[in-house]
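A.B. asks: First, the structure itself, so that you have it in front of you.
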Amino acid sequence: PPDLSPASGRSLQSGDNLIHLSNPHLEKMKDDILYHFALGTGTHDFPALFGDVKFVCVGGSPSRMKAFITYIAEELGLGSVGADYPNICAGTDRYAMYKVGPVLSVSHGMGIPSIAIMLHELIKLLYHSKCSNVTIIRIGTSGGIGLEPGSVVITSQSVDATFKPQFEQVILGKTVIRSTNLDDQLAKELMQCSKEINEFNTVIGNTMCTLDFYEGQARLDGAICLYVEEEKLQYLKAAYDAGVRNIEMESSVFAALCNLSGGGCRSTLVPPWYQAGCSFYKHWTKQVAAKKHYKEALCNFK
């Protein structure tokens, strides 16, 4: 099936990376309203608010993402101990957003539809803010396959429930297939962090993205289950043989939309244990602070 992404769009040359909006219709709009963030270009100065963002971490729940920004602020010396960080999206109850220094933390809810809405508006926010060299990482819980509990999976690519590296969506009645590959170099950098931290069992593998939590993940405890345990185990073995190491419900559209935004996304980190992801993110962010194009933004890091 064809990819219906428009040939023309709006792009912003941003240092080494390119933030790209594949939507020429936005040029005709006087104001761009990010409905689910309760933000808009006509009411907010995006470059002033978000222009220094270099790292975006997204995760499911609002409370988790607030805890994350508090953790990162303290660990990286970006805020005072016990400081409170206001929800930038307080005008809506759809998502929560927190910021400290060049780090943005955003909740995305549960499942493909919820994270897709958030990503559309997040990518536009980064574009309007004229951000450059942005790395986006998803961090959250997932179900492991063939791994000990507490392991960390660094996603190389997202696959669907038939183990294909693609995101399928129906647009204008036509099936559109988009790539779900993620940045290989960032995966290697995160793996190196794992070796240096030496606290978590870590692997690089495929992440399977499903459409629901129960039948889609071959669970036996949903309200409906019309297969037997043997069939479940056969399916999970087939997934493992296809390189799948964990299962969740957001990675495919995350990869697809970030790919379409150009250099705005590098990879995704999906650890079954949340604290592991925080440690990885802290350690990796300290490492990239030494890189030339991040040095100025991260000058206050420990």
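Along the chain as shown, the residues are counted starting at 1.
Quick reminder: no glycine exception, Cβ is built from N, Cα and C everywhere.
Per TrEMBL, the features are:
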type	residues	note
DOMAIN	54-262	domain 'Nucleoside phosphorylase'
BINDING	R94, R138, I139, G140, T141	phosphate binding site
BINDING	Q217, R219	substrate binding site
A.B. asks: Restricting to the domain 'Nucleoside phosphorylase' (54-262), what is the model's mean pLDDT?
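C.D. replies: Taking every residue in the domain 'Nucleoside phosphorylase' (54-262) and averaging pLDDT yields 93.
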A.B. asks: Which one of the binding-site residues (R94, R138, R219) has its C-beta surrounded by the most other C-beta atoms within 10 angstroms?
C.D. replies: R138
A.B. asks: If you count the other Cβ atoms within 10 Å of each Cβ, which of the binding-site residues T141, Q217 comes out on top?
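C.D. replies: Result for the most crowded candidate: Q217.
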A.B. asks: Could you tally the C-beta atoms, other than its own, that fall within 10 angstroms of the C-beta of I139 (phosphate binding site)?
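C.D. replies: Its Cβ has 23 other Cβ atoms within 10 Å.
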A.B. asks: Measuring Cα to Cα, how many Å separate R138 (phosphate binding site) from R219 (substrate binding site)?
C.D. replies: 24
A.B. asks: Within 10 Å of the Cβ of G140 (phosphate binding site), how many other Cβ atoms are there?
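C.D. replies: Step by step: centre on the Cβ of G140 (phosphate binding site), count other Cβ atoms within 10 Å, giving 24.
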A.B. asks: In whole Å, how far is Q217 (substrate binding site) from I139 (phosphate binding site) when you measure between their Cα atoms?
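C.D. replies: Distance (Cα to Cα, whole Å): 19 Å.
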A.B. asks: Using Cα coordinates, what distance in whole Å links G140 (phosphate binding site) and Q217 (substrate binding site)?
C.D. replies: 17
A.B. asks: Rounded to a whole angstrom, what is the largest C-alpha distance between any two of the residues R94, R138, I139, G140, T141 that the record assigns to phosphate?
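C.D. replies: Taking every pair of listed residues, the largest Cα separation comes to 20 Å.
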